[in-house]
Amino acid sequence: MGSVLGLCSMASWIPCLCGSAPCLLCRCCPSGNNSTVTRLIYALFLLVGVCVACVMLIPGMEEQLNKIPGFCENEKGVVPCNILVGYKAVYRLCFGLAMFYLLLSLLMIKVKSSSDPRAAVHNGFWFFKFAAAIAIIIGAFFIPEGTFTTVWFYVGMAGAFCFILIQLVLLIDFAHSWNESWVEKMEEGNSRCWYAALLSATALNYLLSLVAIVLFFVYYTHPASCSENKAFISVNMLLCVGASVMSILPKIQESQPRSGLLQSSVITVYTMYLTWSAMTNEPETNCNPSLLSIIGYNTTSTVPKEGQSVQWWHAQGIIGLILFLLCVFYSSIRTSNNSQVNKLTLTSDESTLIEDGGARSDGSLEDGDDVHRAVDNERDGVTYSYSFFHFMLFLASLYIMMTLTNWYRYEPSREMKSQWTAVWVKISSSWIGIVLYVWTLVAPLVLTNRDFD
């Protein structure tokens, strides 16, 4: 009897795994909107890929695989274990993930509502999609080496640059939303408490930035030949000061009363992170001390020599992973009623936007049904661009690939080396980020015929 009930329970998941029905949720979870649940599932799948890539970079993993009798090729096995671990494995895994999301992005172009047959592929058929993704990843491991790694390094660098820009847009949106929320609460009541919270958060961000600048000058500008680092730190510091001053100018405050120093402080902290991340990729090791060497635990170079494995757990890599996770999940759960996010996701037709808030009661969720389903809230129009969402995850896959391999390039001498290209990609992205933020401040003054509310 128990087995029959178990089979019936499993059968209830078949529409989720193999059909276009809204995905079933676990009983402990509240019913949610299909638009949010779908994005979270895709983001979680990408997170699983990140975890697998991290496992592939664990030191000694190849040695452990070699211990499996008959598994590795060098023991007359069938699997070349040297390509299952290390940076090459990360490149191939991320190549498979990137191709999976790119194919979905191309397939979902111009989907306007969930009534489009292609929307069924986006919101359902999970078993087949993930099976296809795994097949693509496995196939990537059979790609001949040739110039694959070199070409994919440059593709990954370009994609990671684009994803950093998306991170910046999401960060600007988050900063504006954060400030707007706290200002509203301050105006509604208990103004002293919320004003203190707003002031404390702003001061903390600027304090962290100031401490970072001091540490940068102390540890990343010596010897005297580290002129590039001095220029990077000085220029970005001046740009952040200029953006902060601009955010509180009377003209800016008049056109955008809720712009302020909180948003500027968030952008300043992120700019300092990008500056630090860029300096850690400098080929000149004297200007690029590791965090462990700074705090006195290690005096070795951050660039691995011949025979050494890539250490993906460098501090800047860990922070990059954390920011990646926050941005991906923020973009997945962000409600669609924010105009800046709508512009980012290319959902320009405001009349088709549906609020991502409460569940619809149009029969999608039957009363008294104790099975929790994701409610289809996109019958009248999508809440986000399916195509752009997948394209963003495509770029995220490339960003993860570059982050886990520390933006190193594999040389014919079998060494992993930092490249000035990676330095300039990160520094230029920090400058573009400040320009984007300044544009959000001055746009209402320049484009007076447009509504920026």
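Any Cβ shown, glycine's included, is placed from N, Cα and C.
For reference, Swiss-Prot has these:
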- 2-39: topological domain 'Cytoplasmic' (TOPO_DOM)
- Gly2: N-myristoyl glycine (LIPID)
- 40-60: transmembrane segment (TRANSMEM)
- 61-88: topological domain 'Lumenal' (TOPO_DOM)
- 89-109: transmembrane segment (TRANSMEM)
- 110-123: topological domain 'Cytoplasmic' (TOPO_DOM)
- 124-144: transmembrane segment (TRANSMEM)
- 145-151: topological domain 'Lumenal' (TOPO_DOM)
- 152-172: transmembrane segment (TRANSMEM)
- 173-197: topological domain 'Cytoplasmic' (TOPO_DOM)
- 198-218: transmembrane segment (TRANSMEM)
- 219-231: topological domain 'Lumenal' (TOPO_DOM)
- 232-252: transmembrane segment (TRANSMEM)
- 253-259: topological domain 'Cytoplasmic' (TOPO_DOM)
- 260-280: transmembrane segment (TRANSMEM)
- 281-309: topological domain 'Lumenal' (TOPO_DOM)
- 310-330: transmembrane segment (TRANSMEM)
- 331-387: topological domain 'Cytoplasmic' (TOPO_DOM)
- Ser351: phosphoserine (MOD_RES)
- Thr352: phosphothreonine (MOD_RES)
- Ser361: phosphoserine (MOD_RES)
- Ser364: phosphoserine (MOD_RES)
- 388-408: transmembrane segment (TRANSMEM)
- 409-426: topological domain 'Lumenal' (TOPO_DOM)
- 427-447: transmembrane segment (TRANSMEM)
- 448-453: topological domain 'Cytoplasmic' (TOPO_DOM)
Cβ contacts under 8 Å made by the transmembrane segment (198-218) with residues that lie 6+ beyond its boundaries: 179, 182-183, 186, 229-230, 233, 237, 240, 260-262, 265-266, 268-269, 271-273, 275-276, 279, 294
Considering the transmembrane segment (124-144), which listed stretch of 89-109, 152-172, 232-252, 260-280, 427-447 counts the most C-beta pairs under 8 Å: 89-109
Mean of pLDDT values spanning the topological domain 'Lumenal' (61-88): 60
Selection from 89-109, 232-252, 260-280, 427-447, the stretch that has most Cβ pairs under 8 A to the transmembrane segment (388-408): 89-109
Helix, strand and coil counts within the topological domain 'Lumenal' (219-231) (DSSP): 6 helix, 0 strand, 7 coil
Same-chain residues near the transmembrane segment (427-447), Cβ under 8 Å, at least 6 residues beyond its ends: 161, 164-165, 168-169, 171-172, 176, 232, 235-236, 239-240, 243, 246-247, 251-252, 255-256, 259, 263-264, 267, 270-271, 274-275, 278
Same-chain residues at least 6 beyond the ends of the topological domain 'Cytoplasmic' (253-259) whose Cβ lies under 8 Å from its Cβ atoms: 176, 179-180, 183, 247, 441, 444-445, 452
Sequence-remote partners of the topological domain 'Lumenal' (219-231) [C-beta within less than 8 Å, at least six residues beyond its ends]: 276, 279, 282, 284, 286-289, 294, 423
The topological domain 'Cytoplasmic' (173-197) - residue tally per DSSP class, helix then strand then coil: 23 helix, 0 strand, 2 coil
